[in-house]
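Annotated in TrEMBL:
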type     : residues : note
TRANSMEM : 57-77    : transmembrane segment
TRANSMEM : 84-103   : transmembrane segment
TRANSMEM : 109-134  : transmembrane segment
TRANSMEM : 146-165  : transmembrane segment
TRANSMEM : 171-191  : transmembrane segment
TRANSMEM : 211-230  : transmembrane segment
TRANSMEM : 250-270  : transmembrane segment
TRANSMEM : 277-294  : transmembrane segment
TRANSMEM : 300-323  : transmembrane segment
TRANSMEM : 335-357  : transmembrane segment
TRANSMEM : 363-382  : transmembrane segment
Amino acid sequence: MIPTRASQHKAMMPSRYLAASGFALIAVCYGFARFSFGLFLPGIDAELSLSSTLSGLISGGAFLTYCITVILSAWLTERVGARYVAIGAALIAAAGMAGIAMAPSAPWLAGAVMLAGSSTGLVSPPLAAAVAAAVRPDRQSATNSIINAGTGAGVALSGPVALLMGAQWRLAFAGFAAIAVGMAFAVAFTVPRRTHSPGKTRHGMPALDGAIRRLIAASFLTGAASTALWSFGGQLVALRLDWSGPRAGLLWIAIGAAGIAGAGAGAGIARFGIDRVHRVFLTALAAGILLVGLDGTSPALTLGGGLLFGAAYITLTGAYLLWSVAALPERPATGVMIAFLALAIGQTAGAPIFGMLMDGLTANHAVIAFACLALCAGLSRAQGAGFKPHMAQEDKTGCEPMPCRIDR
């Protein structure tokens, strides 16, 4: 039976609602709860006098809480379903940001920042599982890509807020917390409770076959390379252009705004294949790092580099999300956990190495080395294991398309 236009429209509604709420939840958890703290840091430091030791504790603690919560999220999603974990991510983000708004002291602030940031570890696995359960196979890649691009929107929105309300950071975080509470209600209605078939769920770590190992390598190297701007972008624009404070925020606005383009990752992979998209955007990531970080750059080149970096980074994380879901189609939450955990470990390993290169050699050496690191990630190939894009073309006869897989 050929589906009518009305039935096709009805089938698309869950994906639209889930994509919209997932996009907004990712924007809140990543853009507001995690990345906005750095944008408001000058105003926070002026009031609470953060020491270098405490700043280091916050940075290290944020990584530790992310690693714990992303593993916990995959474990919980496979046992209690996506809805409750997604609601938990929103409420934890809200609690953490409310704690930041009310922080009476620096230690309190550190705990609140780590709590808010832990929401990023919780949020992605349940959304990937929800898409796998509730969205038609031919729309899953597009929906996952749209949701993943919420990071760019969150960063792009938090940048102007920080520029306008830097001294009123408590009010800003209170507003962010209220939005997060609203998102908890939204995902309660749009994220399905059951995301697996009874009796078919497998637990524990999956076998690390060739497809998963290549995914881990690519995610790790991309995460490490990205720290050139995520961790040192502020220092680089201060060094090259004497930008500091509000002007440095322009780089983050450019990165975030361009990151929204990552919503097209699924469509690009469907048309060109994941390996081609992977290599092209790794090249763009490397170019963005060079444009921002090399000696002799200009404001226009720096902002152009930020745009390239933002679009490339979000597209690449979207590609790794789709790659992970295709590698473990029966356990999407675990697949996303593996990819994003490797990305975070790469960022943690990359940051101190970049800093040592800057101190021991020059900023130019560090920038060039990390741009090359991004290109090295392209050596990992998904199609080497028979990857088929996870956005199958819809059969014109109305038959349900076959989901993609990675042949092991």
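Note: Cβ is positioned from N, Cα and C throughout, glycine not excepted.
As a quick check, the transmembrane segment (109-134) and the transmembrane segment (57-77) clear the bar of 3 or more Cβ pairs under 8 A, pairs 6 or more apart, so the two touch. Across 57-77, 211-230, 250-270, 277-294, 335-357, stretch 250-270 shows the highest tally of CB pairs under 8 A with the transmembrane segment (146-165).
The stretch in closest packing with the transmembrane segment (211-230), judged by the count of Cβ pairs under 8 Å and taken from 57-77, 84-103, 250-270, 277-294, 363-382, is 363-382.
Each of 84-103, 277-294, 335-357 was scored by its Cβ pairs under 8 Å to the transmembrane segment (363-382), and the highest score goes to 277-294.
Within the same chain, residues 124, 128, 141, 144-145, 148-149, 151-152, 155, 215, 218-219, 222, 226, 229, 233, 237, 240-241, 250-252, 254-266, 268-269, 274, 277-278, 281-282, 284-285, 287-293, 336, 339-340, 343, 382, 387, 389-391 sit at least 6 positions outside the transmembrane segment (300-323) and bring their C-beta atoms closer than 8 Å to a C-beta of that stretch. Contact counts against the transmembrane segment (335-357), taken as Cβ pairs under 8 Å, peak for 57-77 among the stretches 57-77, 250-270, 277-294.
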